[in-house]
Amino acid sequence: MRAIITGGGTGGHIYPALAIARGLQSRFSKVQILYVGTNRGLEADIVPKANFPFQAITVSGLQRKISLENFKVLWQAYRGYREAVGIIKTFNPDVVIGTGGYVCGPVVMAAARRGIPTLIHEQNAFPGITNRILSKFADQVTVTFEDSIRYFGNKDNITLTGLPVRPEILQAERQTALEMFKLKNDKLTLLVFGGSRGARKINQAMVETIKKYGNDERLQILHATGQAGYEEFMQELKDNGISLEHYGNIIIKPYIYNMHEALVAADMVVSRAGAATLAELTVLGLPSILIPYPYASENHQEHNARALAERGAAVLIKDSQLTGEKLIQAIKDMLQNKEKLKNMAKSSQKLGRPEALSDIIKCVEKILPRQQ
């Protein structure tokens, strides 16, 4: 079996694509995979390091405002389409799978026009424009959030699968994780992070939160500031007269490399609302306070957060409205109402899809030529 996988620009498109690629390798003993991306996206660096063959095409995204640059983009789209046709002719795939990002457009379209089975996966509650267009041509559309289905015209080819999570998320053990971070068994653990680079607004709100909950008998806090914000955050604590030596329940790190262990140790989470993060929170049944990144394309993080908040799995605080006082109140509401915390955890777990990868692979099998 031969498969082309395409998706790029950001890690949110690339890592699900790589998860699907590995899922195909597990399911089909003789699968050959080619990853098609652009040289400008993160995939040009990430994919070869993941040991998958990589080919690039020329394509870039349209500007949202009227711009002469869009004439160049349209020319590149045509050129990228011709390059995609050439790659497809040479590689001769049995299936083409797209996970979003503008690079998907030419590749999935070229495959669909040649009658090659195609599948796309949408990570967010509000689908990206590329996937909204491609859904009209793809044989299968797999989605992470039920909320996203309304934005697609053809509902007959849509399957709610969820988003594949890292295998280590499901394999990690809580007691081992607690010991690793020197956390106590008899306290609730609040995990706070703002993505790999951190989030300045969350860090600012956490200064007051640490002041409030330092030495609290019910709660311990594990907070990742992000590498870029660590020094500034530690200085903020100092300027506010906060000395961590006096608190036995606060752990501050610039970055958490073994995030799967941190998540397993947590009882509640404060974070941004990227699709991959929410997939991991729900598969573990974690209640959360979500502060969506306000500059995400098409505001998709707010849509993601709302999908959880409306089902009782999370509290949504907009970035523009976040203050230390608001965060403290949200944490207080969860701490003081154990029944609410328990119900949020149940609601979160209901949304979790630990079989997401397996379900996506089944959708791939459904559209493969019979001889496969």
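Glycine is treated like the rest: Cβ placed from N, Cα and C.
According to Swiss-Prot, the protein has these features:
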type    : residues                                                    : note
BINDING : Thr10, Gly11, Gly12, Asn124, Arg166, Ser196, Ile256, Gln301 : UDP-N-acetyl-alpha-D-glucosamine binding site
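Features per Swiss-Prot, on structure.
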{"residue": "Thr10", "record": "UDP-N-acetyl-alpha-D-glucosamine binding site", "Cβ neighbours (10 Å)": "16"}
{"residue": "Gly11", "record": "UDP-N-acetyl-alpha-D-glucosamine binding site", "Cβ neighbours (10 Å)": "17"}
{"residue": "Gly12", "record": "UDP-N-acetyl-alpha-D-glucosamine binding site", "Cβ neighbours (10 Å)": "23"}
{"residue": "Asn124", "record": "UDP-N-acetyl-alpha-D-glucosamine binding site", "Cβ neighbours (10 Å)": "28"}
{"residue": "Arg166", "record": "UDP-N-acetyl-alpha-D-glucosamine binding site", "Cβ neighbours (10 Å)": "17"}
{"residue": "Ile256", "record": "UDP-N-acetyl-alpha-D-glucosamine binding site", "Cβ neighbours (10 Å)": "18"}
{"residue": "Gln301", "record": "UDP-N-acetyl-alpha-D-glucosamine binding site", "Cβ neighbours (10 Å)": "26"}
